[in-house]
């Protein structure tokens, strides 16, 4: 992709998200979502491979259908109430359609099937954009309409997302699919608290974006597309290997890492709201996610010594072409690495 086209795509992504986040009219919000979709589709299909083309088509059809449902729900609400204001969604049918559309935009269960396939067909950089930046616009709409969305639908989707994300991630060997199911599980935690405490939702979203960006940056630097690739990361940068291990443990919510803080606060708030069965199910589902995070972190650190490697002995060969860039960019990932102890007030 030429620098001119790349700059146009990046500016369109940024502009579309900003338009959606700052608009109070449904048509402007829909225009921002469409700009986002049309900008990311050529980015997915840059490899000119059948798998990337298929991923781009799946992403386009899914996002177009979700945008059409959002437009339909806003039109139905405007027909009934006479207003296009985003915060004035008072029609029950419009709210239900909007909830389903936003769930499809984000990739919540049971509308999640497109996310692992799209990420598997895209590059690691594009997958990072889809799992981080592309979540901001739908989350902004959820923020603005959360008072009108059905809590029971959100709770059901949240519990299913947390369980399916953890259960399906255990069976994967591709790092992009593992990160896709990790995104689904984390979105479930965000949705379960969305209608109760938006401040905890904001904190959870920020921590998720930081950890996911750090993990994808580490995967991009080490060029790790499978679990087997992560087993030889130490040959190019041992520091990067430790970074990946710590970020994976933080993603799993292992105390005292930062990823434990949002889950702790969410479970505490759900208990305060007398939602004990939901709290128990969410806590148990987090164990599923923690299992495959521990498995991936174990395979990453299994080869910290050349005598324990289970793959080709990369340590016997020189890596002069990649050592310098890794040594320069690794501190950036370390700066983003969320390993600070959790502090509550």
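Just so you know, glycine gets a Cβ as well, placed from its N, Cα and C.
Annotation source TrEMBL lists domain 'NADH:quinone oxidoreductase/Mrp antiporter transmembrane' at 23-288.
As annotated by TrEMBL, domain 'NADH dehydrogenase subunit 2 C-terminal' applies to 290-343. The average per-residue pLDDT of the prediction over the domain 'NADH dehydrogenase subunit 2 C-terminal' (290-343) is 52, rounded to a whole number.
Residues annotated as transmembrane segment in TrEMBL: 56-76 (among others).
Residues annotated as transmembrane segment in TrEMBL: 96-115 (among others). Within the same chain, residues 33, 58-59, 62-63, 65-67, 69-70, 72-74, 76, 89, 130, 135, 137-139, 141-142, 145, 149-150, 153-154, 157-158, 160-161, 163-165, 180, 183-184, 187-188, 191 sit at least 6 positions outside the transmembrane segment (96-115) and bring their C-beta atoms closer than 8 Å to a C-beta of that stretch.
As annotated by TrEMBL, transmembrane segment applies to 234-255 (among others).
Sequence annotations record features per position, and here TrEMBL assigns transmembrane segment to 275-294 (among others).
Taken from TrEMBL, the feature transmembrane segment covers 322-343 (among others).
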